Amino acid sequence: MAEGAAEVSAQSGGGGDPGAVEPERGVAPIKPQYLTTKEQFHEFLEAKGQKPSQESEAVDPAGNDLTEPEAKRIRLEDGQTEDGQAEEAAETGEQLQAQKRARGQNKCRPHVKPTHYDKNKLCPSLVQESAARCFYGDRCRFLHDVGHYLETKPADLGPSCVLFETFGRCPYGVTCRFAGAHLGPEGQNLVREGLVQVPPVRNGLDKALQQQLRKRKIHFKRAEQALRQLNRGPLPGPTSEATVPEGREAEGAPEQDNCDIQLAPQEPDAVGPPSGPLRTCGPLTDEDVVRLRPHEKRRLDISGKLYLAPLTTCGNLPFRRICKRFGADVTCGEMAVCTNLLQGQTSEWALLKRHPCEDIFGVQLEGAFPDTMTKCAELLNRTIEVDFVDINVGCPIDLVFKKGGGCALMNRLAKFQQIVRGMNQVLDVPLTVKLRTGVQERVNLAHRLLPDLRAWGAALVTLHGRSREQRYTKLADWQYIEQCVAAAHPMPLFGNGDVLSYEDANRALQTGVAGVMIARGALLKPWLFTEIKEQRHWDISSSERLDILRDFTHYGLEHWGSDTQGVEKTRRFLLEWLSFLCRYVPVGLLERLPQRINERPPYYLGRDYLETLMASQKAADWIRISEMLLGPVPSNFVFLPKHKANAYK
C-alpha cells in the first residue's frame, strides 16, 4: 500500500529532488514521496486505497479551472456580472464579510437538548427491572410494552457489551445497543454473579443534595463568614435554612430554635485572639473553633510532573483515562461554571467526576463574583474528593469574558482578590490559578499579578504564554514565562503553550518552570506523555492509533452508557477528538523532526489506507472511522463540530 501511495504521489508531481522545493512556511515538512494533491487524496480514500485515475482534471474543455472548489468557481462567475446585477454582487460581498467575521468557532451549533431520544423509549422502571409499578401509571410518556419496543429497536451494533464484560451486569438491559450479549432466551438481563461490581467513578451528584440546591436550602456558613471579613460588613440577601451536607447525608435537619455565641474566625493575617463574637445558629463544633492554618493545609507537590490541562469538550473522563495510561501525572476536570453547580445542574456536576486511575486530580471553576465562587468552593469542599481546586482566569471566549469571568478577572483586581482570598479560606485543599499573559496582545499583566496571587494564598499558578487577543495564534511567549518565574518565586509556576514533543518540553523546563502543562499537544497525540518520559519520538502505527480510539470508545460506553443516547454521545466526543487527531503527522513521514504545533499538514498519502484516512480533515471521513468502532450512524445523525468548515449531515 505504501508503494502504491508513493507511486501516486510521484505521478501527481509531489516527488522529485528533496532540495528542489523549499518547504512552505507554516506547513509540516513531509517527505516528497508521500505528498499529493487534494483531489487525488480524496479520490484515494473514495477508492478504498486503490490507485486513483491518472487522467488530469485540472482543466475541462470549456477552459474552467477545476482545481477551484465548486462554490468558489460560482463566486468567480458571479463576480463577472453586468451592471444590472451589481446589487446582487454587493449582497454577496456583504455575506462574505459576515462569514469572515463569524469564522472560527461554530456559532451555529445546536445548544438545545435533543428530543429524538424520547421517541419509542422504554420506561426506566422496566429498564431497571424494578419490582414496583411505574410511578406515573397511565400518564407515563414512555413505552411499557417490551415486545413492541424490541420490534422498533435498531439492530445491535456488536456481539459483546463492554459494561457486561467489565462489571458483570449491564444496567441498560434490553435498551443496550449490544443487548444480544447479555439477554436470556426470554429477554431477561443476565448477570455474572462472580464479576458484579459497581462502576468506580467518584464525585457524582447525590439526589438529596441536588434537591436542596434546587430549592436553595443550602446554608454556606463558612463562605458567608469569609465574605463578611472581606467586605467588612454583612452580606446582602436572605439567610438559608439548612447547612451544607457532609458527603451524601440526607436532607438537612429542622431549624434550631436556640442560637449559640460563636467566636468569629480570625483574619488571615491576624496573630492575636479572635475579635468580637458572632451570633450563629446551631450547636458549636470543633470545626468552628479549630480552623486550619495556611501552613497546615494539604500541600500540592507536583513539581516536575506532567500536567494534563483542563480541556473543554475534549478533556472528558474517557480521554483523561487514555492520557493517564500514557503517563500523565496530574489531571484536571473540564471547566465548570460555579453558578450551574450551585443550581444543581446534572450536566455541570458530571464534569467533576473522577476515575480511580486519576491519583492526582483537580477541578476547575469559572465565575465572576466572590459570593458565588466562594460558596461553590465550600460546597465542593464538603461533597467531592479532589486534590486541588483551580480558578479559570484564562478562558478567552466572549460568553465568559463579557460576564466578567475568565480573562476578564485580570482587569478586575478587587473582585479577583476577593475570589482568591474567599475560596482559600473555605477550602481544605490547595487553591491554584490558571491565567494568560494578559488581555491585550502587547500588554502583559501576569508578572504584576503573580506576587499578589502568592500573597492572597494561591498554592500554584499555571501561565499560558498567550494573551486573550491572541487566542491560539502565533507562538507562546516562553521568554515572558521565564521572566514570570522570578516574579512568582517561591510559589511554583507551571508553563503552558506549544508543547508537542519531548524537545519542546525540555526547552520549556530550561526556563525554570516547576513543570509543564500540556493541552493541544495531548489532543494531537496523547502518547506525548510517554515520549517526554522516555525522551524519544514514537513512530506509532495506524493500527496502534486505532486501538487507542477503540479503548476510548470502550471508556466512553462505560461512562455515558451503552444505550442509543450513550452510544451517540460517545460518537460525538470521539468525532470532536478526531478533529484534532487529523493534524498529527506520523514521525516516519516527516523530513524534519519534530512536528511543530503551528504547522498544518499538507495533503499526503500515508503508509497504508488507515493512516491516510486518519489524516483526512473531512467530517465524513471521521464518521467513517467512528463506524469502524461503534457501528453505522443513524439516518438522522447530524454532527456540527466546533470548526465550521467540517459540518456533516
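Backbone N, Cα and C define each Cβ position, glycine as well.
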Exercise for review: Would you please say which range out of 160-185, 472-497, 498-523 has the annotation zinc finger in TrEMBL?
Suggested key: 160-185
**Study point:** Secondary structure tally of the zinc finger (160-185) (DSSP, helix then strand then coil)
**Key:** 12 helix, 1 strand, 13 coil
Study note, to complete from the structure: Its residues classified by DSSP, the compositional bias 'Basic and acidic residues' (39-49) shows 8 helix, 0 strand, 3 coil
